[in-house]
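Structure first, commentary second.
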């Protein structure tokens, strides 16, 4: 099996940019540039002409617009992997699918245990179920050849399925009032995309135009606009009659943009948590605790436990060349929720300050802790495993 090295390069370096963007957001929000930072996020931008225009603050252009492009890339990746990649065979997809399922269920249960008595707080149950593929892969790539490529493939595949779960959750649970007219327009756009796909049209401009109309209609429909990106991606043809792959071409063109620009910008506008006057009792509220323990404990235990049972029942095997200790280390890294958790958080609470930023702080602290612990754990046990192999060879 071969891992997509170009994707990993984009995602791992993107992780470094995410860290820088997060630090800058915290410095801006808690320094002398606080007012400037807040005004930037609230600044209204209008796109369109005459009566046909959209006006939104910058933060919503990022969350609804740029993130739709990110999910479009996720959709392209999913389609390619399903047709000819790591998700094309049941034997390849079984273990990461079961692991991803455990990584959604247990964090949600932990969050529910902390917040089941609060109707508003419980809206955030999906926050600790997400994994940030850029950060998780970035940490894993820092370990280089100490980690078998099969484990990198496992984490990459699990993260892809995790993204798919997030898409389904957003579509079902974070939808507002629905607009029938907007749904009709969206349906027409989907039919147009189907026709383009059926005749294997390879002009990017045709897909871009229809997808833009689809995005606006979905935005107005009440369903979150990022869903438009995923759905549109599945209509991009894998190959035309000449053998050219528009899907691979678009994925290649947009990977760098999403990893080096969109996700860092998203982190910058969403990770600016004010620490002024923050007290320990605020950090220990039910939402902050549910998110923190859901990500840090729920993700790693859920992924490992479901995978362990599945393997012991004989339905799957450990990734080739890996040990149980290394496998558990990768499970720890799934607790890095960061950008995906922040995104779900923005949908659940609409950037409310109801919890004194304990929600965002819980995400940042849990993601940072999972990354550090996972890296140190894998560094130690990978060296132990390597030395053990050398001793056996001698």
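For all residues, glycine too, the Cβ spot is worked out from N, Cα and C.
Keep in mind it's a predicted model, so treat the numbers as computed, not measured.
Feature annotations, courtesy of Swiss-Prot:
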- 13-33: transmembrane segment (TRANSMEM)
- 58-78: transmembrane segment (TRANSMEM)
- 93-113: transmembrane segment (TRANSMEM)
- 124-144: transmembrane segment (TRANSMEM)
- 153-173: transmembrane segment (TRANSMEM)
- 176-196: transmembrane segment (TRANSMEM)
- 208-228: transmembrane segment (TRANSMEM)
- 260-280: transmembrane segment (TRANSMEM)
- 291-311: transmembrane segment (TRANSMEM)
- 327-347: transmembrane segment (TRANSMEM)
- 361-381: transmembrane segment (TRANSMEM)
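Sequence-distant neighbours of the transmembrane segment (291-311) (same chain, 6+ residues past either end, Cβ-Cβ under 8 Å): 94-95, 98-111, 114, 124, 127-129, 131, 158, 317-318, 327-328, 331-332, 334-337, 341, 359, 362-363, 365-367, 369-370. Counting Cβ pairs under 8 Å to the transmembrane segment (58-78), the stretch among 124-144, 176-196, 327-347 with the most such contacts is 327-347. The list of residues near the transmembrane segment (208-228) in space but at least 6 beyond its ends in sequence, with Cβ under 8 angstroms from a Cβ of it, reads 54, 64-65, 67-68, 70-72, 167, 170-171, 174-179, 182-183, 185-186, 189-190, 192-193, 196, 347. Counting Cβ pairs under 8 Å to the transmembrane segment (361-381), the top-ranked stretch among 93-113, 124-144, 153-173, 176-196, 327-347 is 327-347. The stretches the transmembrane segment (153-173) and the transmembrane segment (124-144) meet in space: the count of Cβ pairs below 8 angstroms, excluding pairs fewer than 6 apart in sequence, reaches at least three.
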